[in-house]
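Engineer: Dumping the structure here so I can ask a few things about it.
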Amino acid sequence: MDGNMKALIKKPGEPGASFELVPIPKIDKHEVLIKVKAASICGTDVHIYNWDEWAKSRVKPPYVFGHEFSGEVVQVGENVTTVKEGEYVSAETHIVCGKCLPCLTGKEHVCKKTLILGVDTDGCFAEYVKMPAANIWKNPAGMPEDLASIQEPLGNAVHTVLTGMTAGVKVAVVGCGPIGLMAVAVAKASGAAQVIAIDKNEYRLDLALQMGATDIISVEKEDPLKNVSALTNGEGADLVCEMSGHPTAIRQSLKMAANGGRVHVLSLPEHPVCIDMTNDIVFKGLTVQGITGRKMFETWRQVSGLLQSGTIQIKPVITHRFPMEEFEKGFELMRKGQCGKVVLIP
């Protein structure tokens with residue numbers, strides 16, 4: 001498809017972004033072109049927008065960023081047989097090689113050569129985005145476009161919570177950003193006996209209650225370690241989901257976990273974190289697991305099942321919608337933490 005499109009461009013050397021006209025992407029024989037209907041802002045996008053140390057070390061602007069979206073397929077490559085024009089889709093945003101040992105043994109989510117849409121390649125904050133056909137996930141016709149756009153981050157929450165979780169356990173979610181809020185909903189829907197949401201942001205703690213938290217702890221007012229202990233009869237949480245990336249919160253996550261419990265870390269600290277491995281992991285017999293992306297496509301199937309069955313109610317997490325040209329409003333809300341999920345409409 002020839003012509004230009006409007007897109008959100010990350011420029012080098014400074015915070016912010018610009019809304020510009022750029023060429024519509026050209027697809028190869030294995031790719032599809034999608035007209036974007038909705039694109040949501042992720043914490044990773046905020047790192048890029050802010051141009052922090054992580055962004056400076058990882059991305060190579062100028063380029064189109066953004067990676068969470070839904071849309072309609074408008075063009076398919078000549079070798080594509082699994083996707084058709086007109087289909088309503090979202091996409092797995094980790095583009096893998098398919099040839100390394102993890103890929104060949106069913107662990108594509110930890111492919112050694114992963115490229116991430118909108119981080120390592122041009123992304124979806126635009127009118128059009130291209131994707132390998134192998135990454136496409138087909139959406140049911142009745143799914144709202146904004147909800148379809150947040151299936152990818154919901155997959156992060158599902159992967160974080162459901163890896164090793166069993167019904168009836170006590171779960172603590174540390175950090176109630178959008179994915180943390182989704183993790184609260186997933187834990188509650190999946191049979192957790194108790195879901196404790198921990199954050200310093202009162203706005204997001206209120207959202208956590210809407211998403212199903214049984215208890216909330218404001219770290220500005222309360223000691224999270226003492227309160228988790230009190231709420232769990234001194235046992236600690238069976239599963240702690242660390243979503244904040246703050247060094248203190250990471251150390252506290254290990255301490256608040258029950259002996260023999262699990263700590264799942266999805267967050268991305270900007271710098272190395274010092275922990276007491278001997279006392280907080282080894283002697284407690286903890287299982288600590290890093291969570292990256294989504295299992296392909298087991299996690300997507302779980303997300304689809306939870307949404308279509310009505311088991312999980314995720315819409316309250318979408319708090320704001322803006323035309324894409326008003327992106328600055330959305331990013332400012334994300335930077336201040338005065339929102340759940342923000343969706344941009346091209």
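Placed from the backbone N, Cα and C atoms, the Cβ positions cover glycine too.
Owing to the predicted nature of the structure, the values given are computational and were not obtained by experimental measurement.
Pasting the feature list from Swiss-Prot:
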BINDING   CYS42, HIS67, GLU68  Zn(2+) 1 binding site
ACT_SITE  THR44  active site, charge relay system
ACT_SITE  HIS47  active site, charge relay system
BINDING   CYS97, CYS100, CYS103, CYS111  Zn(2+) 2 binding site
BINDING   ILE179, ASP199, ARG204, LEU266, SER267, LEU268, ILE291, THR292  NAD(+) binding site
Engineer: About how far apart, in whole Å, are the alpha carbons (Cα) of LEU268 (NAD(+) binding site) and GLU68 (Zn(2+) 1 binding site)?
Structural biologist: 18
Engineer: Report the member of CYS42, CYS97, CYS103, LEU268, ILE291 (the binding-site residues) whose C-beta atom has the most other C-beta atoms within 10 angstroms.
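Structural biologist: Output for this query is CYS42.
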Engineer: Helix, strand or coil for HIS47 (active site, charge relay system)? Use DSSP.
Structural biologist: helix
Engineer: Using Cβ atoms only, which residues of the same chain lie under 8 Å from ILE179 (NAD(+) binding site) while being at least 6 residues apart in sequence?
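Structural biologist: The answer is GLY43, PRO153, ASN156, ALA157, THR160, MET243, LEU266.
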Engineer: Quick one: Cα separation, CYS111 (Zn(2+) 2 binding site) versus GLU68 (Zn(2+) 1 binding site), in Å?
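Structural biologist: Their Cα atoms are separated by 20 Å.
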Engineer: Out of these recorded positions, THR44, THR292, which one has the fewest other C-beta atoms within 10 Å of its own C-beta?
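Structural biologist: Comparing Cβ neighbour counts within 10 Å for the recorded positions THR44, THR292 gives THR292.
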